[in-house]
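**Student:** The following feature annotations were taken from TrEMBL:
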{"type": "COMPBIAS", "residues": "1-17", "note": "compositional bias 'Basic and acidic residues'"}
{"type": "REGION", "residues": "1-31", "note": "region 'Disordered'"}
{"type": "COMPBIAS", "residues": "19-29", "note": "compositional bias 'Polar residues'"}
{"type": "TRANSMEM", "residues": "146-163", "note": "transmembrane segment"}
{"type": "TRANSMEM", "residues": "175-196", "note": "transmembrane segment"}
{"type": "TRANSMEM", "residues": "208-226", "note": "transmembrane segment"}
{"type": "TRANSMEM", "residues": "256-277", "note": "transmembrane segment"}
{"type": "TRANSMEM", "residues": "284-305", "note": "transmembrane segment"}
{"type": "TRANSMEM", "residues": "377-396", "note": "transmembrane segment"}
{"type": "TRANSMEM", "residues": "417-434", "note": "transmembrane segment"}
{"type": "TRANSMEM", "residues": "440-463", "note": "transmembrane segment"}
{"type": "TRANSMEM", "residues": "470-498", "note": "transmembrane segment"}
Amino acid sequence: MGHSSHAEAEERKEMDIRSFSSSQHNQTPYIHKVGVPPKQDIFKEFKTTVKETFFADDPLRCFKDQPRSRKFVLGLQAIFPILEWGKNYNFRKFRGDLISGLTIASLCIPQDIGYSKLANLAPQYGLYSSFAPPLVYAFMGSSRDIAIGPVAVVSLLLGTLLRNEIDPTTNPTEYLRLAFTATFFAGITQATLGILRLGFLIDFLSHAAVVGFMGGAAITIALQQLKGFLGIKKFTKKTDIISVTKSVFHSVDHGWNWQTILIGSTFLTFLLFAKYIGKNNKKLFWVPAIAPLISVILSTFFVYITHAEKKGVAIVGFIEKGINPPSVNKIYFTGDYLLKGIRTGMVAGVIALTEAVAIGRTFASMKDYQLDGNKEMVALGAMNIVGSMTSCYVATGSFSRSAVNYMAGCQTAVSNIVMSVVVFLTLEFITPLFKYTPNAILAAIIISAVLGLIDYEAAILIWKIDKFDFVACIGAFFGVVFASVEIGLLIAVTISFAKILLQVTRPRTATLGRIPRTNVYRNNEQYPEATKVPGVLIVRVDSAIYFSNSNYIKERILRWLMDEEEHLKAAGLPKIQFLIVEMSPVTDIDTSGIHALEELLRSLKKRNVQLVLSNPGRMVIDKLHASNFPSQIGEDKIFLTVADAVLTCSLKLPEEV
């Protein structure tokens, strides 16, 4: 039964081919010529190209036809968006911002103390970084939902890179100075990218690579917390999973402290349970938000009344009171450490920028408003420059805090100001109360926070969609987990660039066939029912033809031709006489691309096959005419559509074909 239906399908296909061929021979077609665009002014074309590259969003549109005074106001609003949305600010919005600001403050205070340890800095520097930078961002940032402060991944990255240069234990003063220097140049990097409108550069780090990097960093951060969670005093300075595992199990007999483990495991269970409640009931979003602060208060009180610090439970100790002291004089502007600070700052700045822009875009799409990526970069850069001068280290957008901020009903960036005020009050009056806070609770808070960075659902989706993307994802993940944060980052960037290079140097090509009973030509692999035209081979090139891929495209087209001729010879069918190259997807061509077409033409002439082009675009046809290529193949060999090309070629084929 199956055999007979297959035979019927083949018969219908043959009939379709015969009817198509006979109809072609009985028609005198009207063929529309491919238009050659008028010559463009070279300076105008250059200006257009530059504008589309750097000013695709046309940021100066609002300044057109405006008086000078209005332009001045619009200029100020562009730098400080608060001047624009602040005009319509009201009490209803403030109520939402107040609640969300207080909520994220309760989350950020314990997190900041813990994250500063990841950066190998004293606890107060984490709090400093949630006071000054959010204030600057509130005036200059364009996101309504993003919550600013230190984050786990950047803290770990900064701490790892700085420790490679200076030991924070033996030389804490120089280490602190290098941290401020790195923060300053992180801000310079971010602001420069925004001012020069180079935001598209951060898109070269693919989503898949970021997912893998974040997941690996989360595992690494969680492993680092085992020191505080288990009460281990001597712990490896390496971050890879093998070194950490060895360090943990080598200290089982003498290094673990059961009181510390009890505190850590109890409150980690509480924090995870609070997260579970918040995840399953969106109205109870505030439960996981205030759980860390409750944990800190309860654990601190427990240690204080039981004097657990005398039984080996490590505590935070003294936290310096008062707001951020100035640190301009501590930044290296000369000397041996300047270059190290620049290098570290650039890496940390780009990673912080990638995270913040991704977070900002996510929440902007959820609330349906536009986020200017370049303005965001300038705002983030400015806040880190100011931060470096006020004893802060690199701050950026925090996903966990931004999510809480969003769910708490924030309306504007004023929620960051509210959070900053709470941190200010904490620094002025409350820091002495954190003296007896156990390190185990900070470890538990960080572990519960970073678990959300492991997005296994995204990894599964990446595997389903694109296997090469999954290689980038898993490569970055294993690089961070088994080597170091820097190696993982390097792998992520390398694989992302490798994918771009592969797509540029090895573009896709396809052979086309005619969809039955239509004049539409599509990929034979996608549409198996599409019929090939006797004596004609149609190949589509799905890329611009540049020096990087021109030779490959030429060879691939010839390989399509050889494969087809072998197939026809084996079937006893007439050979190919026309090769039609469908150029609709070819957006541009350079000199190497034209040379490749000329070489293809010479190779085809040796095989007695004629080259035909279909639908070259404006840029392509303009350059082809500039190189005099149409006269080489014949002006009558360039067609508007594949159907026109096939129609004309079919009329020239012998009747037996």
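Easy rule for this one: first residue shown is 1, then count along the chain.
Yeah, the Cβs are placed from backbone N, Cα and C, and that goes for glycine too.
Keep in mind that TrEMBL annotations are predicted by a computer and have not been checked by a curator.
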**Student:** Hey, does the transmembrane segment (377-396) touch the transmembrane segment (440-463), meaning at least 3 C-beta pairs closer than 8 angstroms, sequence gap 6 or more?
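**Tutor:** Between the transmembrane segment (440-463) and the transmembrane segment (377-396), contact is absent.
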**Student:** By Cβ distance under 8 Å, which residues at least 6 away from the ends of the transmembrane segment (146-163) in the same chain are close to it?
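**Tutor:** Result: 104, 108, 111-112, 115-116, 118-121, 126, 129-130, 133-134, 137, 175, 178-179, 182, 213-214, 217-218, 220-221, 224, 237, 239, 344, 347-348, 351-352, 355-356, 359-360, 363, 383, 393-399, 401-402, 404-405, 413, 415-416, 419, 446, 449-450, 453, 484-486, 489.
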**Student:** With Cβ-Cβ distances below 8 Å as the criterion, list the same-chain residues six or more beyond the ends of the transmembrane segment (284-305) that contact it, or say none.
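**Tutor:** For the transmembrane segment (284-305), the nonlocal Cβ contacts are 103-104, 106-107, 109-111, 263, 267, 270-271, 274-275, 277-278, 313, 315, 404, 407-408, 433-434, 436-438, 440-441, 444-445, 448-449.
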**Student:** With CB pairs under 8 Å as the measure, which of the listed stretches 208-226, 256-277, 377-396, 417-434, 470-498 comes out on top against the transmembrane segment (175-196)?
**Tutor:** 377-396
**Student:** With pairs 6 or more apart in sequence, are the transmembrane segment (208-226) and the transmembrane segment (417-434) linked by at least 3 Cβ pairs under 8 Å?
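**Tutor:** Answer no: the transmembrane segment (208-226) and the transmembrane segment (417-434) share fewer than 3 Cβ pairs below 8 Å.
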